[in-house]
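Asker: Sharing the record's features from TrEMBL:
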DOMAIN    29-292  domain 'DUS-like FMN-binding'
BINDING   PRO31, MET32, VAL33, GLN85, HIS184, ALA238, ARG239  FMN binding site
ACT_SITE  CYS114  active site, proton donor
Amino acid sequence: MIGDIRETKECPLKDPMDLFHSGQVVKICAPMVRYSKLAFRTLVRKYSCDLCYTPMIVAADFVRSAKARDSEFTTNKGDHPLIVQFAAKEAQVLCDAARIICPFADGIDLNCGCPQRWAISEGYGACLINKPELVKDMVRHVRRQIDNPKFSVSIKIRIHEDLKRTVDLCQKAEAAGVSWITVHGRSVEERHQPVHYDAIKIIKQSMSIPVVANGDIKTLKDAENVHHLTEADGIMVARGLLANPAMFAGYEETPFQCIQDWVDIALEHGTPFTCFHHHLMYMMERITSKQEKKVFNVLSSTSAVLDYLNEHYGV
């Protein structure tokens, strides 16, 4: 990581807000546990992704431990604009994390949407949507303590059953200086229920800052439809990009060139085998038969995967 960080220092950081002022819908790769790491971000950037997030990092661990910083965060000079997402529940801890990351990233995002039990029980993630004053305080602290005016501070939320509470939260965050808000259009309890795009539209109409729509977007056509339904300024995608990293470039399914690019990038970055293999399993889900999946999914080494891809697909 240290070598990567030195490299980043030589490259000018970008202002993510320029994307929202471009007049185009901003295409965003979501923060995904284990998956939205440097190698995958490098891949989706080749296929029309405008803005990438890191996986969620617990701010307190990041501040306390150099080991956590090395394992959780890696970047390079092509990895921009980049948003680092933190889980935090104390303003000063979030500020300290933001100060450490500021020279190497273009902004931070406060996770106010993770519905996992461990996060909520620790006071992180989705429980923050019920603490609007704390969210406001955290945003305001970072705004005051980071000198760079181009450094963005955003939040990612889920919605309340009573949407008035969500609008109130968003307006408080806006008053505190938040750059944009990403809305996953489900409540904390909802998992696979339909996304409430109408709620995202109401939030968008209540704000004067950019709003990003998130939830169940699997194709470029979905992204266009959700933009029309919500009037959102950006579209954030998670699983859709795992299944097809070339989605934003308009491909209906993962092209073989994208698989080849992933192999090249993953090997160059020294991606651990499990992560390398899992990404390929996602990418090839729609283009392999049941029988092929049975064989491919149990391969247990990089060389076995490379041999299989070469033999069956000429990759």
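In case you wondered, yes, glycine gets a Cβ from its N, Cα and C as well.
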Asker: Counting only residues 6+ apart in the same chain, whose Cβ is under 8 Å from the Cβ of GLN85 (FMN binding site)?
Answerer: PRO31, TYR53, THR54, PRO55, MET56, ILE57, ILE108, ASP109, LEU110, ASN111, LYS156
Asker: Other than its own, how many Cβ atoms are within 10 Å of the Cβ belonging to PRO31 (FMN binding site)?
Answerer: 25
Asker: Roughly how wide, in whole Å, is the group PRO31, MET32, VAL33, GLN85, HIS184, ALA238, ARG239 that binds FMN, by largest Cα to Cα distance?
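Answerer: The two farthest binding residues have Cα atoms 18 Å apart.
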Asker: Fill in the CA-CA distance, MET32 (FMN binding site) to CYS114 (active site, proton donor), as an integer in Å.
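Answerer: It is 11 Å, counting Cα to Cα.
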Asker: Express the distance between the Cα positions of VAL33 (FMN binding site) and the residue listed as 'active site, proton donor' as a whole number of Å.
Answerer: 11
